[in-house]
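Per TrEMBL, the feature domain 'G-protein coupled receptors family 1 profile' maps to 40-288. The transmembrane segment annotation in TrEMBL covers 26-51, 58-80, 100-119, 139-158, 196-215, 236-259, 271-290.
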Amino acid sequence: AMGGNHTQPRFILLGITDAPWAQAPLFGLFLLIYVITLAGNIGLIVLVWVAPSLHTPMYFFLTHFALADICYSTVISPKMLTDLLFGNKTISWAGCVTQFHLFALFVTAECYLLAAMAYDRHVAICHPLTYVLVVSPRACWQLVACSYLVACLSALIYTGCTFGGSFCGPRRVDHFFCDTVPVLRLACSDTRGSEVAIFALAAANGLGTGAVILLSYGRILHAVLRMRSAPGRARAFRTCTSHLVSVSVFYGSLFFMYLQPASRHGSRDKVASVFYTVVSPMLNPFIYSLRNTEVKAALGKCRRRVLNLC
């Protein structure tokens, strides 16, 4: 086996499909999704920033979540779009490593931010009297910092395990971005140790944060069902169901991708990947904010302020 890192300077991304007729429609579709993703998430961050009524822990976490959405869709989408448009599907060794590392970092951070958001909702609904003390601004910053710290360490391990071996023979990555499963297939050294390490870490991150989310929403559901006021119950249900829809799409596709044995991976992987790399970041700002009375009120205020200026 050749020491791949230096003798193999480039990879070729095979993309979503090699059908020539599909490239232009897919380019149009994914460009539209990426523009909506950027507009929705940047819009949400700006709105929270300018509206004092949204300066609460829930929206603090939501802005970081939106930022992670912007970052990891930007790690994936522009390269995918240029590949679809120009058909130039090569990516340098360094580009491939960087793309995967940043992708792993922001996706892992999202898992922990989702857990922080679920914990925030749990304290708000189940322990409203101690909420201000428990979810203080300092606690919020600590939770976000911890999310990124764990994500950085995890991404280093994922990247080391994925690209640490040697690569020989065809460097054709059967995917639209550098992901661990298609890249490990190209290694000519034994990858079983790396696969086990990646699986164990992905399981720890995914199942750990998933358990926090499920426990939080379980407790919330219990508290909501015991509420006396019907409007309060309806409002809490609305908030929680929209959050759970987003969590289900994100975790469902992630678990499908990373918590199954390598031999089971096939063409459906690309469909699952499209969900959490492209569709989920687009839907999140709408799921979390449009059905939300506070966001609608803040939007109305901003619109009136802008119209008064004109």
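Any Cβ shown, glycine's included, is placed from N, Cα and C.
Spatially, the transmembrane segment (100-119) is adjacent to the transmembrane segment (236-259); three or more Cβ-Cβ distances between them are under 8 Å for residues at least 6 apart in sequence. If you average pLDDT over the domain 'G-protein coupled receptors family 1 profile' (40-288) in this model, you get 88.
Of the candidate ranges 58-80, 139-158, 196-215, 236-259, 58-80 has the most C-beta pairs within less than 8 angstroms of the transmembrane segment (26-51).
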